[in-house]
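Per Swiss-Prot, the feature ATP binding site maps to GLY50, LYS51, GLY52, LYS53, GLY54, LYS55, SER56.
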Amino acid sequence: MSDETTVGGEAPAEKDDARHAMKMAKKKAAREKIMATKTDEKGLIIVNTGKGKGKSTAGFGMIFRHIAHGMPCAVVQFIKGAMATGERELIEKHFGDVCQFYTLGEGFTWETQDRARDVAMAEKAWEKAKELIRDERNSMVLLDEINIALRYDYIDVAEVVRFLKEEKPHMTHVVLTGRNAKEDLIEVADLVTEMELIKHPFRSGIKAQQGVEF
């Protein structure tokens with residue numbers, strides 16, 4: 001029995017492979033043409049926001065990339081300071097020489113129920129954040145859950161925006177996480193990602209679990 005062939009003796013699978021190769025070659029050429037125009041480098045202002053999971057996780061992913069490359073970086077946690085997390089334990093135990101880690105929050109606002117104390121802690125965290133960002137040895141600074149502090153006006157968003165525009169070193173990346181990012185912050189950012197919530201186990205009665213949420 002002979003294989004099915006097209007006119008000219010080319011098998012259908014071979015014809016599909018040739019078509020695919022040509023299509024991918026065109027995509028590659030177009031991509032390379034675009035990439036050739038992208039030559040600038042700068043420190044990015046990155047905002048991870050939205051109701052979905054993964055805002056802090058994405059931020060820590062970039063921090064771990066920095067650690068892997070031996071690039072000095074820092075983390076300031078504005079809300080989760082009272083919670084023991086896997087990323088905090090790992091960094092403090094094994095990578096403290098590359099990444100500075102500061103937990104200056106005392107928990108979510110509904111846990112503390114003390115606005116004056118929350119404001120004081122947020123302001124303290126912001127002062128530390130500014131210090132770390134000004135230090136040009138730090139290639140990246142993650143401001144974890146700062147958007148929550150901004151949402152409740154614990155910190156003035158205008159001051160944060162002004163600082164990022166006027167005082168952030170040119171090559172320093174700053175990552176700001178938390179839902180409900182303020183429009184003024186979104187406007188000044190270079191990269192904004194909104195995490196969309198489609199399904200969440202909490203709605204099915206499943207609690208936050210070690211290794212997934214913390």
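First residue shown is number 1, and so on along the chain.
Using the three backbone atoms N, Cα and C, a Cβ is placed for every residue, glycine included.
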CB contacts under 8 angstroms to LYS55 (ATP binding site), restricted to the same chain and 6+ apart in sequence, sorted by sequence, are ASN48, THR49, THR177, GLY178, ARG179, MET195
Once the chains shown are all counted, how many other Cβ atoms turn up within 10 Å of the Cβ of SER56 (ATP binding site)? 23
